[in-house]
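Taken from TrEMBL as is:
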BINDING   G168, R169, S170, I234  NADP(+) binding site
DOMAIN    5-120  domain 'Tetrahydrofolate dehydrogenase/cyclohydrolase catalytic'
DOMAIN    141-290  domain 'Tetrahydrofolate dehydrogenase/cyclohydrolase NAD(P)-binding'
Amino acid sequence: MADIIDGKAIAADVTAKVKIVADSLLEKTGIQTGLAVVIVGEDPASQVYVANKGRTAKACGFHSVEHKLPEDTSEQALVDIVESLNNDPAIHGILVQLPLPKHIDAGRIIQTIAPEKDVDGFHFINVGKLGTGEIDTAFVPCTPAGSMLLIERVLGKDLSGKTAVVVGRSNIVGKPMFNLLLAANATVTIAHSRTRDLEALCKTADILIAAVGRPQMIKGDWVKPGAVLIDVGINRIDAPEKGEGKTRLVGDADFDSCQAVASAITPVPGGVGPMTIAMLMANAVTSAYRSAGEEAPSF
Ligand SMILES: Nc1nc(=O)c2c([nH]1)NC[C@@H]1CN(c3ccc(C(=O)N[C@@H](CCC(=O)O)C(=O)O)cc3)C=[N+]21
């Protein structure tokens, strides 16, 4: 039976450290880390995440601002808000919650965020730095960064000799995950919907990252005995066993069958999700340190 990797507890460790270093920057330089989260529209899941971010930012002692904009906000109005945050010296990190409404070009908005405040790590400058190994001055996307920290807790920092398979090729998770695993010396393959014999490929992985967005797709008999399984998926499915109309969260891996085979596995909820928020806080305080010309701590 695999050990369950307690993402909630590890995320709490990270945010406790963020608070300590944020307090120490404030004491030394008078700079309070500022994080701005911008949300457009009313998607209920997005509202939950944004509320979590605001709460955690306050717990870290940050200056936390939230811009809640109506669904019919124009692209230009959003560009103007991002530019005003770029120019606001009290703000060190800017996150524009995705997805954006269809009438807004999300790519244009992301590239409008100043790279040095892009705590999501989605700007071309940060993507390029990660892709060329300049990780120390980049912002790394929060979900992959948090997943790496969980892997580090189990396997250490050096993944030499390990085979990793990332299932999913998104810009937000799959591709940055590939780069981080590669930088840690793993031998990495990205699989996706057009991969032939996905099951056999997954079975080669010492480290398996499930980031496809399909509930419970990865089954125990796809997993190499002793593998470390990081489940990035967060899917809400019907749970009639809990009562009529009830739902529950599941990952992209079928937890019970995978737990029987892996050596360590992240649960959903309580795995990668809380780490995403913790790494956002880490990126924000890192940005504040850089703005002060101070050496940023590592997490
Ligand atoms: N620009 C941008 N950056 C993001 O990082 C971003 C985004 N947009 N849009 C939405 C997704 C989703 N996301 C989550 C963060 C935390 C949890 C999380 O804390 N989940 C908990 C509980 C989830 C629940 O109860 O609903 C868990 O897995 O244990 C989930 C999902 C960040 N995202």
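Heads up, the Cβ atoms here are built off N, Cα and C, so glycines get one too.
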Surrounding CB atoms that lie within 10 Å of the CB of G168 (NADP(+) binding site), all protein chains: 23
Site of maximum Cβ density within 10 Å, from binding-site residues S170, I234: I234
Other CB atoms, at most 10 A from the CB of R169 (NADP(+) binding site): 18
Greatest inter-residue Cα distance in Å for the NADP(+)-binding set G168, R169, S170, I234: 16
